[in-house]
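Notes for the one structure printed next.
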């Protein structure tokens, strides 16, 4: 039985295989249209996340499978005091695979210990969101043709953004990666990322406050939302939220071959005037998210397509 | 790329074609049972509307397609501040066509400008609800055999009821239509309907306060609900809500060939004693709503069945 | 037109047939994988019940059918004042069969009087929950090989627990059944069960306060949750809720061939240390719940598989 709980559960080799399948799906979707016929995906979302849920559901439907589940804790048995361990054992009777979103860190890991079916962590609190990381990796590899020899800029809230931390840890496994960390002083990456990941592995990085000075050297600019709910007080939020807005003027400083990623939803950290620039890849990224989830479902169900 | 935002987006000829397909679906449902295999409908309901949502979902399932989506804004990314434009661009990666219900007027139109897939307006505030109008037209044509040469009675809240306004504007395009507008003084049709639609096109109409006096001359009686939420004060609501109740006694005044329509849900404006009368067509209307949505999905996806 | 509203709607012979089909489904799921292709199940849940809803949905999907519906009253037309009678008449245009959960006793029965499709009561208030009873019967018959000649222990809240009352009434129709009723004084079975079912039919039973003294003689131990919402005051709940907890020590007194059932969700009335005991059957029970719902859907739709 295999699960995906942490983005690092998969080796670099397994990720390469997964992304290969995802790329094949992109090229030949019809080949995969019936492979999950008769299989069911349960989406167990203890907190709402429409985008992630719909991405999983689209993935399963594209494979010819079916979907069932719930989209918020209100409509689940959780309100009757049931443990995640019991819920997953029951859901194992109803579905062949499940994607679980939970506000509590570690809940999907607990579930995987009791599940009779593969469990995919679809986000647990501020902790992990491995299919977002796989989406980011597929997007980068598809657009740049490689996951090594890259200068990666990460911009915005680098302190609380779990997608940023996961992406740094994942890319740190490839050779010749350099990070450019762009954030206000208050929202710099946590110490453990700086010390245990970057310095421990001798990975070159810089930390800067202004996007403009580093844009020309980036292969990828990964923008993130400044989430209101991460701030301790409203005043800080208001002061900082507009500091890191990518607009056409700033973008003019970047290379023609740089691509802009964003895990979405965006609020205003990328000006809409940038949307039609060929370097804007954040909506393509949503499409890659479906392909990589399709590949993941196939892998965890042990299904192969020739 | 085609969308359906306003009931008048479709020409009289296009409506005729659509209703022809809907009628063929009614007669030969099996012919259409697999035509959308592999296609996905996203139902994006920013406010709940079970009937409309389920009608769309039944339509897509009847065509062999799949469904995904959300049924209220609580469980959507809207709460994270995402724009409709961004949501639809992402959903365009997840589905082949979408039906959007939104409390804000114009939201589906905005969505259609950014969508990579056809957008169907499934109701935007008090504004438009084009698939209800298509349902009404199919019902009238199926029961009376024509959309011209008809005396149409509209009864109840004619001021705020968007289905009434859309139906008047749509039927005004056919020849020899006469309207009988039955409402309390306070809930008469808005001036722009009276002036810009009816008088501008020289369409005969009368405005009356009592149903009884006009019932004998009607081909169609379109009843509407007096919606509590449209009233400015509770007192007016209580005073008026029972004034326009169709019961067996009133119905005895009508022609044997008149049909009663209602967009549903009904509260008490049609007495349940009328339900078994052969002229009661409001539940058949719900069935026609599925057929016309099936025809619309096919049209917007560019699919044809021989 | 057939419905399932009350567990006793089905004769002993009909139940035997239904359980035979369910057992065949367990052995040969592939035989049934396409039999409902093109059919739709509507799940109309006016109050949340994830487990029951997902069990129905899994059942329909396993048969190759499709699902649509709502999972709480908030997202339904009920909030607009529509009657259950009107809702079911409309839903009859959208689906081929429906499962209805409603907080009001009798709502599914009302629905069945107006429905154009089979209605399954998926729980109405504290009243009936017939598919839970069928699940219990299938579980007992599958594990013990029979539904007669059994000593059945029922433990916990025997006063308010509708699953307990239904199970007693259903098993009372088989020969040589003996009941052991284990509960605190305050939560004993209601008088009508004791008088009109047990004494009227001369069925042997005992009522005890302590699980330990009777465990050795049981063939089945049916545990139930002490539901906080059934108590009139919090103090009673706190005092009683831990009195009837099955743990490994108590279980050591039971026969090796006894099986433990529970309608779930469990809170803490069965210690998790019991879960891996081969006699723990409450998660298998969830699986049997899917099989018996599959058999029921087939029966009500009049579908047979050779």
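From the backbone N, Cα and C atoms, a Cβ is placed for every residue, glycine too.
If you check TrEMBL, you get these features:
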BINDING   A:51, A:52, A:101, A:129, A:132, A:264, A:265  carbamoyl phosphate binding site
BINDING   A:80, A:162, A:225  L-aspartate binding site
DOMAIN    A:1-21  domain 'HTH merR-type'
Using C-alpha atoms only, work out the spacing between residue A:101 (carbamoyl phosphate binding site) and residue A:225 (L-aspartate binding site) and round it to an integer in Å.
20
Taking the centroid of the Cβ atoms of A:51, A:52, A:101, A:129, A:132, A:264, A:265 as the carbamoyl phosphate site, which other residues of that chain lie with their Cβ within 8 Å of it, listed in sequence order?
A:49, A:55, A:123, A:263
Based on DSSP, name the secondary structure state of residue A:51 (carbamoyl phosphate binding site): helix, strand or coil.
helix
Run through the Cβ atoms and count how many others sit within 10 Å of the one on residue A:265 (carbamoyl phosphate binding site).
19
If you skip the near sequence neighbours and keep only those at least six away, which residues in the chain come within under 8 angstroms of residue A:162 (L-aspartate binding site), Cβ to Cβ?
A:123, A:126, A:127, A:128, A:129
If you measure residue A:225 (L-aspartate binding site) to residue A:265 (carbamoyl phosphate binding site) at Cα, how many Å is it?
8
Give the residue counts of the domain 'HTH merR-type' (A:1-21) per reduced DSSP state, in the order helix, strand, coil.
13 helix, 1 strand, 7 coil
Within 10 angstroms of the C-beta of residue A:129 (carbamoyl phosphate binding site), what count of other C-beta atoms is obtained when all protein chains are considered?
24
Which of these binding-site residues, A:52, A:101, A:129, A:132, A:162, A:264, are close to chain B by Cβ (under 8 Å)?
A:264
What's the number of neighbouring CB atoms sitting within 10 A of the CB on residue A:264 (carbamoyl phosphate binding site)?
23
Helix, strand or coil: which one is residue A:162 (L-aspartate binding site) in, per DSSP?
helix
Largest separation between Cα atoms (Å) of residues that the record links to carbamoyl phosphate, namely A:51, A:52, A:101, A:129, A:132, A:264, A:265:
17
Can you tell me whether DSSP puts residue A:132 (carbamoyl phosphate binding site) in helix, strand or coil?
helix
Looking at the domain 'HTH merR-type' (A:1-21) alone, can you tell me the average pLDDT?
95
So for residue A:132 (carbamoyl phosphate binding site), how many other CB atoms are inside 10 Å of its CB?
24
